[in-house]
Amino acid sequence: MGKRPPSSEDMEKGREKARPSMPPPHLCPPPPKPWVPWLVPIIFVANVAVFIYTMYVNDCPSIDENKCILPSLKRFSFQPFKENPLLGPAGLTLKKLGALERQLVVEEGEGWRLLSCMWLHAGVVHLLANMLSLLFIGIRLEQEFGFIRIGLLYVLAGLGGSLGSTMHLMRTTSPTISVGASGALFGLLGAMLSELLINWTIYVNKCTALLILIVVIALNMAVGFLPKVDNSAHIGGFLAGFFLGFIILVRPQYGYIRRKHLPSTYDGKHKPRHKGYQYVLGSGALVILILGYTYGFGKLYGLKALKNLP
(Lines of atoms letter the chains of each structure in order from A and count residues from 1; the text may use other names and numbers.)
(Lines give C-alpha, C1' and ligand atoms only; values in the text may rest on other atoms or scores of the structure.)
Protein backbone atom coordinates (compact mmCIF):
# COMPACT_ATOMS: atom_id res chain seq x y z
CA MET A 1 0.00 0.00 0.00
CA GLY A 2 1.21 3.53 -0.65
CA LYS A 3 2.12 5.94 2.15
CA ARG A 4 -0.32 8.55 3.20
CA PRO A 5 0.76 11.98 1.97
CA PRO A 6 1.83 14.23 4.85
CA SER A 7 -0.81 16.50 6.16
CA SER A 8 -0.35 20.26 6.36
CA GLU A 9 0.04 19.93 10.16
CA ASP A 10 2.88 17.42 9.79
CA MET A 11 4.63 19.67 7.27
CA GLU A 12 4.48 22.65 9.66
CA LYS A 13 6.01 20.59 12.48
CA GLY A 14 8.81 19.54 10.18
CA ARG A 15 9.62 23.15 9.34
CA GLU A 16 9.80 24.06 13.02
CA LYS A 17 12.27 21.24 13.66
CA ALA A 18 14.43 22.22 10.70
CA ARG A 19 14.45 25.92 11.59
CA PRO A 20 17.72 26.85 13.40
CA SER A 21 17.43 28.44 16.85
CA MET A 22 17.75 32.22 16.83
CA PRO A 23 20.92 33.56 18.46
CA PRO A 24 20.49 35.64 21.62
CA PRO A 25 20.18 39.36 20.95
CA HIS A 26 23.43 41.32 20.94
CA LEU A 27 23.48 43.13 24.24
CA CYS A 28 25.32 46.40 24.33
CA PRO A 29 24.85 48.96 27.10
CA PRO A 30 24.29 52.54 25.96
CA PRO A 31 27.51 54.55 25.97
CA PRO A 32 27.84 56.78 29.03
CA LYS A 33 27.16 60.43 28.39
CA PRO A 34 30.18 62.62 29.11
CA TRP A 35 29.74 65.22 31.81
CA VAL A 36 30.03 68.87 30.88
CA PRO A 37 33.05 70.11 32.85
CA TRP A 38 32.38 73.28 34.79
CA LEU A 39 33.95 72.73 38.21
CA VAL A 40 37.55 72.48 36.99
CA PRO A 41 37.24 75.74 34.98
CA ILE A 42 35.81 77.41 38.11
CA ILE A 43 38.77 76.14 40.15
CA PHE A 44 41.07 77.55 37.47
CA VAL A 45 39.39 80.96 37.57
CA ALA A 46 39.39 80.95 41.38
CA ASN A 47 43.13 80.27 41.54
CA VAL A 48 43.88 83.06 39.07
CA ALA A 49 41.57 85.47 40.91
CA VAL A 50 43.19 84.67 44.26
CA PHE A 51 46.63 85.28 42.78
CA ILE A 52 45.55 88.66 41.40
CA TYR A 53 44.13 89.57 44.81
CA THR A 54 47.36 88.41 46.44
CA MET A 55 49.39 90.75 44.23
CA TYR A 56 46.95 93.58 45.01
CA VAL A 57 47.42 93.05 48.74
CA ASN A 58 51.19 92.67 48.33
CA ASP A 59 51.63 96.16 46.82
CA CYS A 60 55.38 95.98 46.24
CA PRO A 61 55.85 99.72 45.47
CA SER A 62 54.61 100.64 48.93
CA ILE A 63 57.78 99.04 50.35
CA ASP A 64 60.44 99.96 47.81
CA GLU A 65 59.37 100.90 44.29
CA ASN A 66 62.93 100.88 42.94
CA LYS A 67 63.44 97.18 43.65
CA CYS A 68 60.15 95.92 42.22
CA ILE A 69 60.04 93.95 38.97
CA LEU A 70 57.86 95.58 36.29
CA PRO A 71 57.08 98.70 38.34
CA SER A 72 54.76 99.84 35.54
CA LEU A 73 52.24 97.34 36.96
CA LYS A 74 52.18 99.55 40.05
CA ARG A 75 50.76 97.66 43.05
CA PHE A 76 50.63 94.47 40.98
CA SER A 77 54.39 94.53 40.33
CA PHE A 78 56.51 91.62 41.58
CA GLN A 79 58.98 91.29 44.40
CA PRO A 80 62.73 91.35 43.56
CA PHE A 81 64.23 88.16 42.09
CA LYS A 82 66.39 87.66 45.18
CA GLU A 83 63.27 87.50 47.29
CA ASN A 84 60.97 85.63 44.91
CA PRO A 85 62.38 84.22 41.64
CA LEU A 86 58.93 82.94 40.61
CA LEU A 87 57.57 86.44 39.90
CA GLY A 88 55.22 86.77 42.81
CA PRO A 89 54.46 88.39 46.18
CA ALA A 90 56.43 88.51 49.39
CA GLY A 91 56.37 85.62 51.80
CA LEU A 92 54.74 87.79 54.46
CA THR A 93 51.82 88.46 52.13
CA LEU A 94 51.31 84.76 51.50
CA LYS A 95 51.50 84.08 55.21
CA LYS A 96 48.92 86.78 55.89
CA LEU A 97 46.48 85.32 53.34
CA GLY A 98 46.64 81.70 54.51
CA ALA A 99 49.95 80.04 53.64
CA LEU A 100 50.82 76.83 55.43
CA GLU A 101 53.21 77.30 58.35
CA ARG A 102 53.91 74.76 61.05
CA GLN A 103 53.69 77.09 64.04
CA LEU A 104 50.44 78.69 62.96
CA VAL A 105 48.79 75.37 62.12
CA VAL A 106 50.05 73.30 65.04
CA GLU A 107 50.64 75.74 67.89
CA GLU A 108 48.15 78.49 67.04
CA GLY A 109 45.43 76.04 65.98
CA GLU A 110 44.86 77.64 62.57
CA GLY A 111 43.86 74.40 60.87
CA TRP A 112 42.01 76.26 58.13
CA ARG A 113 45.41 76.89 56.55
CA LEU A 114 45.49 73.22 55.53
CA LEU A 115 42.86 74.15 52.93
CA SER A 116 43.55 77.82 52.26
CA CYS A 117 47.14 77.15 51.15
CA MET A 118 45.77 75.17 48.17
CA TRP A 119 44.48 78.38 46.59
CA LEU A 120 47.65 80.46 46.94
CA HIS A 121 50.64 80.46 44.61
CA ALA A 122 54.15 81.75 45.05
CA GLY A 123 54.36 83.42 41.65
CA VAL A 124 53.33 83.53 38.00
CA VAL A 125 55.61 80.61 37.10
CA HIS A 126 54.15 78.52 39.91
CA LEU A 127 50.59 79.44 38.95
CA LEU A 128 51.04 78.69 35.24
CA ALA A 129 52.62 75.28 35.87
CA ASN A 130 49.83 74.22 38.21
CA MET A 131 46.96 75.59 36.14
CA LEU A 132 48.16 73.91 32.94
CA SER A 133 48.29 70.61 34.82
CA LEU A 134 44.84 71.25 36.28
CA LEU A 135 43.28 71.84 32.86
CA PHE A 136 45.11 68.94 31.22
CA ILE A 137 44.20 66.38 33.89
CA GLY A 138 41.11 67.79 35.58
CA ILE A 139 38.97 68.45 32.50
CA ARG A 140 39.31 64.84 31.32
CA LEU A 141 38.52 63.42 34.74
CA GLU A 142 35.48 65.64 35.22
CA GLN A 143 34.14 64.67 31.79
CA GLU A 144 34.32 61.01 32.76
CA PHE A 145 33.32 61.06 36.44
CA GLY A 146 31.42 64.28 37.05
CA PHE A 147 31.95 67.29 39.29
CA ILE A 148 30.97 65.69 42.61
CA ARG A 149 33.57 62.95 42.58
CA ILE A 150 36.34 65.09 41.10
CA GLY A 151 35.61 67.97 43.46
CA LEU A 152 35.75 65.62 46.45
CA LEU A 153 38.94 64.06 45.14
CA TYR A 154 40.57 67.46 44.59
CA VAL A 155 39.83 68.73 48.10
CA LEU A 156 40.70 65.53 49.98
CA ALA A 157 43.91 65.00 48.01
CA GLY A 158 44.88 68.62 48.63
CA LEU A 159 44.24 68.08 52.33
CA GLY A 160 46.46 65.00 52.23
CA GLY A 161 49.21 67.06 50.61
CA SER A 162 48.86 69.74 53.29
CA LEU A 163 49.13 67.14 56.06
CA GLY A 164 52.25 65.70 54.47
CA SER A 165 53.77 69.14 54.09
CA THR A 166 53.00 70.14 57.68
CA MET A 167 54.47 66.95 59.10
CA HIS A 168 57.60 67.64 57.06
CA LEU A 169 57.75 71.24 58.32
CA MET A 170 57.58 69.92 61.87
CA ARG A 171 61.00 68.35 61.32
CA THR A 172 62.60 71.59 60.14
CA THR A 173 64.01 74.25 62.43
CA SER A 174 63.76 77.28 60.14
CA PRO A 175 60.33 78.91 59.67
CA THR A 176 59.07 77.91 56.22
CA ILE A 177 55.76 78.43 54.44
CA SER A 178 54.13 76.25 51.80
CA VAL A 179 51.53 77.21 49.18
CA GLY A 180 50.12 75.81 45.96
CA ALA A 181 47.65 73.35 44.47
CA SER A 182 50.38 70.79 43.77
CA GLY A 183 49.12 68.36 46.42
CA ALA A 184 45.65 68.30 44.87
CA LEU A 185 47.07 67.97 41.36
CA PHE A 186 49.31 65.07 42.33
CA GLY A 187 46.21 63.57 43.91
CA LEU A 188 44.52 63.65 40.49
CA LEU A 189 47.55 61.88 39.01
CA GLY A 190 47.45 59.25 41.74
CA ALA A 191 43.73 58.75 41.17
CA MET A 192 44.32 58.23 37.44
CA LEU A 193 46.71 55.40 38.29
CA SER A 194 44.36 53.67 40.75
CA GLU A 195 41.44 54.18 38.36
CA LEU A 196 43.33 52.32 35.66
CA LEU A 197 44.16 49.48 38.05
CA ILE A 198 40.71 49.02 39.58
CA ASN A 199 38.93 49.30 36.20
CA TRP A 200 41.47 47.08 34.44
CA THR A 201 38.91 44.94 32.58
CA ILE A 202 37.38 47.78 30.56
CA TYR A 203 40.61 49.16 29.07
CA VAL A 204 42.28 48.35 25.77
CA ASN A 205 46.10 48.50 25.54
CA LYS A 206 46.29 48.37 29.32
CA CYS A 207 50.04 47.92 29.64
CA THR A 208 50.78 50.82 27.29
CA ALA A 209 48.45 53.13 29.22
CA LEU A 210 49.99 52.02 32.52
CA LEU A 211 53.55 52.62 31.27
CA ILE A 212 52.75 56.10 29.94
CA LEU A 213 51.03 57.05 33.19
CA ILE A 214 53.95 55.82 35.31
CA VAL A 215 56.41 57.85 33.19
CA VAL A 216 54.28 61.00 33.55
CA ILE A 217 54.05 60.51 37.33
CA ALA A 218 57.81 59.88 37.61
CA LEU A 219 58.64 63.04 35.66
CA ASN A 220 56.34 65.12 37.85
CA MET A 221 57.78 63.60 41.00
CA ALA A 222 61.30 64.42 39.79
CA VAL A 223 60.38 68.11 39.75
CA GLY A 224 59.89 67.86 43.50
CA PHE A 225 63.60 67.41 44.05
CA LEU A 226 64.36 70.89 42.76
CA PRO A 227 65.37 73.50 45.36
CA LYS A 228 62.53 75.19 47.27
CA VAL A 229 59.95 72.68 46.02
CA ASP A 230 57.82 71.01 48.69
CA ASN A 231 57.96 67.37 47.60
CA SER A 232 56.29 66.22 50.81
CA ALA A 233 53.06 67.88 49.64
CA HIS A 234 53.42 66.12 46.29
CA ILE A 235 53.86 62.72 47.92
CA GLY A 236 51.08 63.26 50.45
CA GLY A 237 48.64 64.40 47.77
CA PHE A 238 49.62 61.58 45.43
CA LEU A 239 49.09 58.89 48.07
CA ALA A 240 45.76 60.38 49.15
CA GLY A 241 44.55 60.58 45.55
CA PHE A 242 45.82 57.08 44.77
CA PHE A 243 43.79 55.47 47.54
CA LEU A 244 40.78 57.74 46.95
CA GLY A 245 40.69 56.63 43.33
CA PHE A 246 40.02 53.02 44.39
CA ILE A 247 36.89 54.24 46.17
CA ILE A 248 35.31 57.05 44.18
CA LEU A 249 36.49 56.31 40.60
CA VAL A 250 35.45 52.66 40.40
CA ARG A 251 33.45 51.70 37.28
CA PRO A 252 31.23 48.68 36.51
CA GLN A 253 33.12 45.67 35.15
CA TYR A 254 33.33 44.93 31.43
CA GLY A 255 30.07 43.51 30.09
CA TYR A 256 27.86 44.77 32.92
CA ILE A 257 24.45 46.02 31.78
CA ARG A 258 21.81 47.54 34.00
CA ARG A 259 18.62 45.51 34.14
CA LYS A 260 16.57 48.39 32.76
CA HIS A 261 18.62 48.18 29.56
CA LEU A 262 18.02 44.43 29.13
CA PRO A 263 15.21 43.25 26.81
CA SER A 264 12.23 41.78 28.61
CA THR A 265 12.73 38.44 26.84
CA TYR A 266 16.36 38.08 27.96
CA ASP A 267 16.85 35.22 30.42
CA GLY A 268 20.64 34.83 30.23
CA LYS A 269 23.21 35.28 32.94
CA HIS A 270 23.47 38.80 34.34
CA LYS A 271 26.93 39.95 35.38
CA PRO A 272 27.36 41.61 38.79
CA ARG A 273 28.18 45.31 38.76
CA HIS A 274 31.68 44.93 40.16
CA LYS A 275 34.27 42.19 40.38
CA GLY A 276 35.43 40.84 43.70
CA TYR A 277 38.87 42.44 43.49
CA GLN A 278 37.24 45.86 43.10
CA TYR A 279 35.48 45.45 46.43
CA VAL A 280 38.71 44.26 48.05
CA LEU A 281 40.76 47.20 46.73
CA GLY A 282 38.08 49.73 47.65
CA SER A 283 37.70 48.39 51.19
CA GLY A 284 41.44 48.24 51.74
CA ALA A 285 41.91 51.77 50.42
CA LEU A 286 39.19 53.09 52.74
CA VAL A 287 40.91 51.56 55.77
CA ILE A 288 44.29 52.99 54.73
CA LEU A 289 42.80 56.46 54.21
CA ILE A 290 41.10 56.49 57.60
CA LEU A 291 44.32 55.41 59.29
CA GLY A 292 46.39 57.88 57.27
CA TYR A 293 44.27 60.94 57.99
CA THR A 294 43.93 59.92 61.63
CA TYR A 295 47.69 59.56 61.92
CA GLY A 296 48.27 62.93 60.21
CA PHE A 297 45.88 64.90 62.38
CA GLY A 298 47.10 63.02 65.43
CA LYS A 299 50.69 64.05 64.75
CA LEU A 300 49.62 67.66 64.29
CA TYR A 301 47.25 68.08 67.18
CA GLY A 302 48.37 65.35 69.59
CA LEU A 303 45.40 63.05 69.84
CA LYS A 304 45.79 61.06 73.03
CA ALA A 305 45.73 57.76 71.19
CA LEU A 306 48.60 58.86 68.96
CA LYS A 307 50.85 60.77 71.32
CA ASN A 308 53.46 58.05 71.47
CA LEU A 309 53.70 57.48 67.72
CA PRO A 310 57.17 58.16 66.21
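Glycine residues also receive a Cβ, built from the backbone N, Cα and C atoms like all the rest.
Summarising the annotation, TrEMBL assigns region 'Disordered' to 1-26.
Taken from TrEMBL, the feature compositional bias 'Basic and acidic residues' covers 1-19.
Outside the transmembrane segment (35-56), and at least 6 residues removed from its termini, the chain residues within Cβ reach (under 8 Å) are 75-76, 78, 88-89, 93-94, 97, 119-121, 124, 127, 130-131, 134-135, 138-139, 141-147, 150-151, 154, 181. Summarising the annotation, TrEMBL assigns transmembrane segment to 35-56 (among others).
Secondary structure counts, DSSP: the domain 'Peptidase S54 rhomboid' (109-249) has 108 helix, 2 strand, 31 coil. Taken from TrEMBL, the feature domain 'Peptidase S54 rhomboid' covers 109-249.
Within the chain, the transmembrane segment (151-170) has long-range Cβ neighbours (under 8 A, six or more residues past its boundaries) at 39, 43, 100-102, 105-106, 113-115, 117-118, 138, 141, 176, 178, 181-184, 186-188, 190-191, 230, 232-241, 244-245, 248-249, 292-293, 296-297, 299-300. The transmembrane segment annotation in TrEMBL covers 151-170 (among others).
Taken from TrEMBL, the feature transmembrane segment applies to 176-197 (among others). Panel annotation: around the transmembrane segment (176-197), residues 47, 91, 94-95, 99-102, 117-122, 126, 130, 133-134, 137-138, 141, 150, 153-162, 164-166, 169, 203, 206, 209-210, 213-214, 216-217, 220, 230, 233-246, 248-251, 281, 285 of the same chain, lying at least six beyond its termini, place a Cβ under 8 Å from a Cβ of the stretch.
Outside the transmembrane segment (209-226), and at least 6 residues removed from its termini, the chain residues within Cβ reach (under 8 Å) are 133, 186, 189-190, 192-193, 196-197, 203, 234-235, 238. The feature transmembrane segment is assigned by TrEMBL to 209-226 (among others).
Per TrEMBL, the feature transmembrane segment maps to 232-250 (among others).
Positions annotated as transmembrane segment by TrEMBL: 279-298 (among others).
Regional average pLDDT for the domain 'Peptidase S54 rhomboid' (109-249) in the model is 90.
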